[in-house]
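Trainee: First the structure, which I've put down as structure tokens, then a few questions once you've had a look.
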Amino acid sequence: MSNQPTSKDDQEEQKSKKPADTAFKQQRLPAWQPIITADTALPVFLIIGLLFIPIGIVLVVTSERVLEYDLDYTEGNCMSTTVSNTTCAKVLQNGGSSCTCDIPINLDQPFTGKVYFYYGLVNYYQNHRRYVKSRDDNQLLGKTDAVSKDCQPFQKSVNGSDYTPCGAIANSKFNDSLTLVFNGSQTVPLLNTGIAWTTDKDVKFKNPNNASTYFQNNPPPPNWKYTAWDLDKNNSDNNGYKNEDFIVWMRTAAMPAFRKLYRRLNTNSSQTFQGGLPQGNYTLKVQYNYPVINFSGRKQFIISTTSWMGGKNPFLGWAYIVVGIVCMIAFVVFFILHKTWKLQNRPPT
Amino acid sequence: MDDDTKRIITINHGPQQTKFVSNRISTSKYSILSFLPKFLFEQFRKYSNIFFLCIAVLQQIPGVSPTGRYTTAVPLSIILCCAAIKEIIEDVKRHFQDGAVNKRRVLIYRSGNWLYTTWQRVKVGDIVKVLDNEFFPADLVLLSSGEPHSICYIQTSNLDGETNLKVRQGLPQTAHMISSVQLRDLLGVIECELPNRNLYDFAGTLKLNNVAFPIPLGSDQILLRGSQLKNTAWIYGLVIYSGHDTKLMMNSSSVPFKRTNVEQVTNSQILFLLVLLLILCLFSTIAGEIWNYRNKAAHWYLGLTRLTDDKTANSIPNHFGYTFLTFFILFNNLIPISLQITIDLVKFIQAYFINWDIDMYDPETDTPASARTSNLNEELGQVKYIFSDKTGTLTKNVMIFKQCTISGIMYGSGNVAEFNSYELLKNLEYHTSSKQIREFLTLLATCHTVVPENKLNTDSFNDVAYQASSPDEYALVTAVKEMGVVFFRRTPDSVVISFRGQEETYEILNVLEFSSERKRMSVIVRSPNNEIKLYCKGADSVIMERLVADEPNVPLTMEHLESFAKDGLRTLCLAYRTLTDQEYKEWLVRHREASTAINNRNELVAEVAERIERNLILLGATGIEDKLQDQVPDSLSMLLKAGIKIWVLTGDKKETAVNIGYSCKLLSDQLLNLTLDEATLDDTQRQLREHCQTFGDSLRKENLASLIIEGKTLKYALSPSCRQDFLDLAISCKTVICCRVSPKQKAEVVELVKQSTNEITLAVGDGANDVGMIQTAHVGVGIMGREGVQAACASDYTIGQFRFLTKLLFVHGVWSYRRLCKVLLYSFYKNICLYVMELWFAFHNGFSGQILFERWTIAIYNVLFTAAPPMALGLLDRCCSAETMMRFPAIYKMSQNRSDFNIKVFWSWCLNAVYHSIILYFMSYAMLRHDVAYSNGQAGDYLLLGNMIYTYVIFVVCLKAGLESDSWTMLTHIAIWGSIASWFVFFIIYSNIWPTIPLAPEMRGMAKYVFSSMYFWFGLILIPITALLADFIYNCLQRTLYKTLMQEVQEKEVANQDPYDLVMARQTSTVSRVAERLALLKSVFVRTRTPKMSGIIPGPYHGFAFSQEEDGVVPQNQLIRTYDTNIQKPPGL
């Protein structure tokens, strides 16, 4: 803050204080001025409308071509094969640890191409904060250091050793086993690999060194009836933390109703299923281990093909169509407005 | 001796006994050491920073934060770093400016030697030598000067705004000290009052060792810092107050913190938002608790019942508290963390745009405009009242002889810059009025208080310079010198002039002084041919009364006066009479009696003067132009067109003020001109009532009326009983002129308007007398010209010329206001849009407080991905081109009524944000409801959905900035597309760092999977467009149906058409309405009032004005008798 102007004879700074005449400093940068008036908006509405409606139709058709078969096997239709007149759900509630049931499925059209099998859970909060947090990614990388406190309340067993794997997510891994039998005799060949994200499989999940002894010496989560090394005894690359069922489960779903990829159809192993699932009668053999009745959860078995987009979901297509139609309506309204407005504002002749 | 109540200064006695403050001034905020503590203190006084600090601390509680421990601390530190850099840049600037003042050089006398030193080294007790036109480095006691009787002239317009020079006179006891030898012998002590802020009073005593008794010192001996030595070769002064003790600095201290209207609205809305936030947290907590209560045991997989070692699981109230904190942390960003810094930075750079504006650069004084605070930029766009100083602001304080009329013949023209004397000189030779012309010129050369000086001691009249305390007289004497009538020598009893080459000596017999009551000055001279003549100059009203009967030239002269006055010239009438010796002798006796009278001397002298100043013969009249600053009338008319009301507050007299009113075109005969000049409270009250009643329905509306009020009346008008009426009346007028107002009154007037109208006020001035009003007004603008910069120091913006005010308001103000509003609204919008999504997600996750996005991606939302678009809006957006806004002041009215930012607009933006977030969340939710997002049958997870939504949010938010931009420059493109790109780059990198860098395991592979999903790409086309479609349609509807003036002008501009017709068409309706009202009002006023009582300026206006120091330390009479220009002046040293 200067209190008096620097008098002319001051020796310092004779330089002119004239500001530089640049486009930026003088705020004269060339600019595009988009003005949204009926004039300029009309083509926008038209283009969006003309573009979105066909896209929408394509997407709806794509979605419609996807075949999907949903089966809720939580209660009624899953009657225990051993205890008569009792649902498996009831068996589990009564303290039974396991139960099997057979459920007939009739596909009235063939599911051609690649076929995927999902299990679905409803009213299941995999996105609960305490649940999402309850894991240790370092452990899953194969590190054998003490696990993070985040895993609570499934951090360590009573004797103090860490659960392998630790945390609520791992502990609650979905453990129903679902097999499909065609025409009463032919087991549908299923693949249990290629169902997890490749990044997970390749980077995020690694077994510790000496996996078999490691898993032997450390307790599995309390809910598990076996160790992680028993998840797929046939395929060491799909065992332990690298088990794809496990990896899929560890990706916590966004919503309380979700589905997870369970198996893929193996089209190579048998002639019958080369082109997909043929039309006909199937039996779903469920080994019912997973209790959901307590929290009013539902369990589903889903057979689905996919399109180039993915699973069946017509929403996006319809949304495109609706937005497209809204734009067309806007186009018409603004066209009328534009015309009448022009008439009103025409200068008197 | 009592040191607590007085200051004791020893003279020439080594170091002072007491330590006084140094003369170094510092206005900077920080030093290197104090920076950190002071800066942090400043920052954490802001509510928002405290708020986020609390959040950062709360996040440290384990298990509470849904977003990790450092996700608030890191952005907050980044933001504080930005603020620190900004503060440092600003303070370094202040340090430099202080340095420039502190390092000015001055000559001081110390231990027997003269040496040059810097201002900051000057100490109390030092003797300094100040030369002509230099500023005083501190408050000084005048010891001696280069003029007789140690007189010196100073210009105090910086301090009190008065036009005329002031005379100061050293004590006789020190007057002889005109060389270093004598100074060395000056030994003694000065006792004076402690430093105070009273500019006009001073009390002290000088005790000299060789003088037995103490000599009183008063304000006549004081030279204040901030004033300037004029017309005096040099002075010696003794420093009594230095640095921050000077009266100037005492007065300019305590710059009030100004808070803008927009800021106030923002703050109150933030509080409201905070309440909303708390409600949201409470709702979520309760919902979460209920969910927990009902589902805790059943949802066995969550393991909630097993959480034993966790505090949050304990007692219910405890649990409730922790859950509440979780939600508080989750939702805290509904209040934008980056708001403060974004606004600060935007305003800071906006201020630079003001500084950089080449159109506001004054080449004459090499002054660019300068924003001293960046706080108030947007207020510039909403100004409704301008309070302007006159001298130095509207006028240059330079008087020029422009026109005259002699014997009914007009010379000179109002249109040319200088008086052309050809005609006059020709008539002097040949015309019948030759004799009158001769008397006219002689009068101007003799009847004054000017002192000639020939610094070079040559015989050439070209080297004669004049010293005058009256700028009018200076103009007149200089003008006649140009015509060859050179006044070149003054002795105590005579004036010597060269009348076109012929030397003539006029003996000055008597001087009848000028005073505001007499409105005239006369001298009685004995001419070379031994005639006794009385020359008189003064106001038309007093001269005309004193003329001989049947003076033939009166009507013509009056006519000419009217025309002078209309052009805003200051007029003086000139008359003379010849006295017989007898007459004079008789009068002289009476005069002597009167001037030696003990009681009522002044009245008696005036009464005697009255006796001889009659039967005058009219010579003519002069018209002096009080030079206006460049383009003042144009600028004022533009400001008026913009709906701004102009108040001129001046310390000058009514005549001068009215004169300037006319020359600035603020007053004209087209306006209803009202005056208030009552001398008592009751009369003032009555007059106010009458005026108000006459206005009737038009009161407080826009009228073509003007009001002129005297300082003494203003005093009553500001009293509680009149306040409201005065205000009503004043705001019914387009212009108000207040004359003879003190600095304090100026501030009071501003305060009154500011308080009671709730409109933005702007004060502009250049002197220290304007400091009060500059600090009181919402926005203070200082004119920084060649004179001092007291006002500039107290102001918020400084400009070199008054005319730059238009660009400052119309362009920078409007732009800044509109930009800032957009930045504010947009900052809230973008945060609400993203963070309210967590609420929607809460409905899907059992109110557990889970976040949908990765913690760091949302933590740097404000500092990276959406940091640039608000800057682009705040710095680059242009509603109309600068040229258009300057051409059509009417556009300014748009921003005046605060339509861009108010509670309604604020909440509509918030709702808009909520709407966008609903579209974004629920459409994405529906799109991925079946999880299977890939043709290979694989499903996603919560974060896949989260990252898709996040990408859509970035698109929507950045494009929304584009939608709100009126103009897209290259940088706007970079800001918008760059922000979007920055997210993609960040996303790709961030998805690939785990486990190389132990961060974000859940993000690993996200980019790959997001980008490989066709759903994502189809959603990317659909969802942002759907969200913005409503805004687009709204904008389009608004443009089609209710176009604003600004928008129409914009369209014309884009179409390269001239918007002139359009603006005019919109204006004509209001103009004609106002004009009708004026006609009605005028008729009412004329009908209901007798001219005397009406308070309307009676009759035609003749423009008399004259400036002269009255009641000064040296009376005019004595001043004239003091000088003898035959005697050589001492050189000093």
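The backbone N, Cα and C atoms fix where each Cβ goes, and this holds for glycine too.
According to TrEMBL, the record shows the following:
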- B:ASP389: active site, 4-aspartylphosphate intermediate (ACT_SITE)
- B:ASP389, B:LYS390, B:THR391, B:GLU473, B:PHE514, B:LYS537, B:ARG570, B:THR650, B:GLY651, B:ASP652, B:ARG740, B:LYS746, B:ASN769, B:ASP770: ATP binding site (BINDING)
- B:ASP389, B:THR391, B:ASP766, B:ASP770: Mg(2+) binding site (BINDING)
- B:11-72: domain 'P-type ATPase N-terminal' (DOMAIN)
- B:792-1043: domain 'P-type ATPase C-terminal' (DOMAIN)
- B:270-291: transmembrane segment (TRANSMEM)
- B:823-843: transmembrane segment (TRANSMEM)
- B:858-880: transmembrane segment (TRANSMEM)
- B:901-922: transmembrane segment (TRANSMEM)
- B:942-962: transmembrane segment (TRANSMEM)
- B:974-994: transmembrane segment (TRANSMEM)
- B:1014-1037: transmembrane segment (TRANSMEM)
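Are these features on the surface or tucked inside, and what touches them?
Mentor: Note on B:ASP389 (active site, 4-aspartylphosphate intermediate): other Cβ atoms within 10 Å of its Cβ, all shown chains, come to 30.
According to DSSP, B:ARG740 (ATP binding site) is assigned to coil rather than to any helix or strand. Its Cβ taken as reference, B:ARG740 (ATP binding site) is surrounded by 19 other Cβ atoms within 10 Å in the chains shown.
DSSP gives B:ASP770 (Mg(2+) binding site) a helix state. Using a 10 Å radius centred on the Cβ of B:ASP770 (Mg(2+) binding site) and all shown protein chains, the other Cβ atoms total 36.
Outside the transmembrane segment (B:270-291), and at least 6 residues removed from its termini, the chain residues within Cβ reach (under 8 Å) are 47-48, 51, 316, 319-320, 323-324, 327-328, 330-332, 334-335, 828, 839, 842, 846-849, 910.
Beyond the ends of the transmembrane segment (B:823-843), by six or more residues, the same chain brings 262, 266, 269, 273, 280, 284, 287-288, 330-331, 333-336, 338-339, 342-343, 346, 849-852, 858, 861-862, 866, 869-870, 873-874, 901, 905-906, 909-910, 912-914, 916-918, 920-922, 949-950, 953, 956-957, 960-961, 964 to within a C-beta distance below 8 angstroms of the stretch.
Note on the transmembrane segment (B:858-880): residues 67, 71-72, 74-75, 78-79, 333, 336-338, 342-343, 345-346, 349-350, 353, 814-815, 818-820, 822-823, 826-827, 830-831, 834-835, 851, 891, 950, 954, 957-958, 961-962, 964-967, 969, 971-972, 974-976, 978-979, 982-983, 986, 1046, 1049-1050, 1053 of its chain, located 6 or more positions outside it, place their CB under 8 angstroms from a CB of the stretch.
Sequence-distant contacts of the transmembrane segment (B:942-962) (same chain, at least 6 residues past either end, Cβ-Cβ under 8 Å): 826, 829-830, 833-834, 837, 850-854, 857-858, 865-866, 869-870, 872-873, 916-917, 920-921, 924-925, 928, 933, 968, 972, 975-977, 979-980, 983-984, 987, 1002-1003, 1006, 1009-1010, 1013, 1015-1016, 1019-1020, 1023-1024, 1027-1028, 1031.
Using a Cβ-Cβ cut-off under 8 Å and counting only residues 6 or more beyond its ends in the same chain, the transmembrane segment (B:974-994) has close neighbours at 854, 856-857, 860, 864-869, 871-872, 876, 947, 950-951, 954-955, 958-959, 961-962, 1000-1001, 1003-1008, 1010.
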Trainee: Output the one of B:PHE514, B:ARG570, B:ASP766, B:ASN769 that, of all these binding-site residues, has the highest number of other Cβ atoms within 10 Å of its Cβ.
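Mentor: Going through B:PHE514, B:ARG570, B:ASP766, B:ASN769 one by one, the largest Cβ count within 10 Å is at B:ASP766.
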Trainee: Tell me, roughly as an integer, the mean pLDDT over the domain 'P-type ATPase C-terminal' (B:792-1043).
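Mentor: Mean model confidence (pLDDT) across the domain 'P-type ATPase C-terminal' (B:792-1043) is 92.
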Trainee: Please spell out the DSSP helix, strand and coil residue counts for the domain 'P-type ATPase N-terminal' (B:11-72).
Mentor: 21 helix, 1 strand, 40 coil
Trainee: Please report how many Å separate the Cα atom of B:ASP770 (Mg(2+) binding site) from that of B:PHE514 (ATP binding site), as a whole number.
Mentor: 28
Trainee: Give the three-state DSSP assignment (helix, strand or coil) for B:THR391 (ATP binding site).
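Mentor: DSSP call for B:THR391 (ATP binding site): strand.
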Trainee: B:GLY651 (ATP binding site) has how many other Cβ neighbours within 10 Å of its own Cβ?
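Mentor: Counting Cβ neighbours of B:GLY651 (ATP binding site) within 10 Å gives 26.
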